[in-house]
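Residues annotated as domain 'MATH' in TrEMBL: 19-146, 397-528. The domain 'BTB' annotation in TrEMBL covers 189-265, 564-633.
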Amino acid sequence: MAGDGTNPTESAIVGGTVTGHHLLHIDGYSHTKDQLPNGRCIDSRPFTVGGHLWRIGYYSNGDVADGSAYMAVYLTIDENVVVAVKAFAKFSLFFNGEPTPPAFVHTTEPFVFSKKGIGYGFSKYAKRELMEGSIVEDKFTIRCDVVVSTELRAEDRPPAPAPSDFAAVVPPSDLHRHLGDLLDSKHGADVTFQVGGEAFRAHRYVLAARSPVFRAELFGAMREATAAAAASSSDSEAIRVDDMEAPVFSALLRFVYTDALPAAPGGADDGQAAGGGSEEAAAMAQHLLVAADRYDLKRLKLLCEDKLRRHIDAASAASMLALAEQHHCRSLKEACLVFLSSPANLHAAMRSDGFEHLSRSCPGVIKELISKLVPPMPPPTTAPPFASSAIVAGAVNGHHVLRIDGYSHTKNTVRNGQHIRSCMFRAAGCSWIVYYYPNGYTAESADFISLYAELQDDVLTTAQFTVSLLDELGRPGWTYRSSSCTCKCSGSSGEEYSMWGGERFIRRDELEQSEYVRDDRLAIRFDVAVMDKLRTTEEIAGGAVPPSEMSRHFADLLASGDGADVEFRVGGETVAAHRVVLAARSRVFRAELLGPMKEGVAANGAIQVDDMDAEVFRSLLHFVYTDSLPPETGTPREGAAAMAQHLIVAADRYDLERLKLICEERLCEHIGVATAATTLELAERHHCHGLKRACMEFLSSPTNLKAAMETDGFEQLSCPAVLKELMAKALVLRLI
């Protein structure tokens, strides 16, 4: 996490392309190698990039006879292709969260995907004997970055993670997986539904958090009617759900718990299965849309609309249009009307049974359809035709924070013309290094600080830079903005035009009298905007599927305390929570609340949590419910680092591995002379390998090591293994 308390915001606007990526996790590599012979593959789940569906094909033993010693990977288009799609892919491997070795990064040439099922990739992507030396715990991840050529258009992209050079990569959210496991296991289930002759066990508070209808049905105004329905069923404790089939309710529950649609039968989706799989997928989407409308699950409804739009044809258009009208599906209705505005499509659709039903049930829609078929009136001669477009200057943005711990020491030891070099970092899609001259770059700038950023990639780049000094809370203050400049690097640091900077960035005496140097520390933020070509875009109105709302739903559940059934006493305060949510997310909570440790927990009393502050426990619960840390509101830098240290201890205690990695990443950006020793001890005690490497890298500098040895934290450092490593590092430094 960046030092300003927010994640770096990166937006990518690429001329004529849409980009995205998919992670395919291989868990149990040796099993896939044994079970998949040469020529056979496992496909990833379908994913969307550029408005098209794709899959990754993984061949553990290659796909051709002479490639049996290799792993093969392919990108395959997974939809009926009307207009050929041009795209290329970059494949990368990640082992235990480590950066991808260059030998395992390969990019395809652009390829035209002209029909469903066609794939393009590498038959000899990676030799297994080389790859297997890097695999840890029989797991690795394939990342496929897809670039789809499109018409000129703009696309928002969520922030890309920017992990430390040393911290382990934080894995994606696993909240949905934990809750899916809770649904499958039925641990703590407290409500039963009877649907189509089948019984479904679920958890009241998960349902209530996700659906206002379930909330009213189970806890609110509809509760009495629900109880009456249960009493009238054969199972007096079950809630009867009429007018719905069991597979549909099962899929609905799966979405409630995971925020995703279940896989189609046999692993097929959108028509891949033989023998009518496409029709089955469309029928399920129609039933789910009705169920989503019934239980007010807006995102599920939009997902079903999006899926059904890809299944519109002459046989289904009329029935889908009636469905869209009855359930207020604006985007699906518009797609059906566009399809039927073609005379050929309309003639074919009018012969279907669905059209007769549409005519009887939705006469208003028939009128709309007629209006679409009538040619428009010519415009008045006095009014010119209206058109709208926008010229967009595309840019990719990113930032890096350079922290100077021991400012006075750098000023006293680094002479005029000499510099300290930062680690290489990625920002705005390019690699950079910052050069910091504490006593100026030339004799003329000896009273100033000089700063330069150097491009490390062999590419011609036009960029703008904004350099800011950060205050104690990490907020930008004194700021310098550059005009656009062109940088190019051919791999040598002395390449002309490879650097941008300010020889007279700020006078030292002015800096030293400002608020930006505190406790002999200085933080400088570099914001980089790499410019793209000017592009013309057209405004597009659409009903895009919104992002997942699971985190917000469960944050609201935690904040409201509705239905909380367990209390914790922490630091003299009482904190309420929900057993099943805690049990779904943490094996320790599950054992404590539902498993072997249950007897040690008082039935009606609060559970005592020792050795933890209430604020830390609340932050832990916020992560458990939302898979994210609570926002930092005005927290000083030292306070944020202290909270991250406490949360690492708490995450280790409750076996929340992802929270632990997030805190590691945050602490990697807070390592300094005053904190290196205590952070190193924390990393060793709680097995934080990435954080430990970052501390060791910081202490590999003789200046940093000597200064850190004078701190109280170093005096209290007591891990023998760490002290041995530091001794070895000190000996190496002595010999240099």
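Using the three backbone atoms N, Cα and C, a Cβ is placed for every residue, glycine included.
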Integer mean pLDDT for the domain 'MATH' (397-528): 77
Helix-strand-coil residue split for the domain 'MATH' (19-146), DSSP-based: 17 helix, 63 strand, 48 coil
Within the domain 'BTB' (564-633), residues counted as helix, strand or coil by DSSP: 30 helix, 13 strand, 27 coil
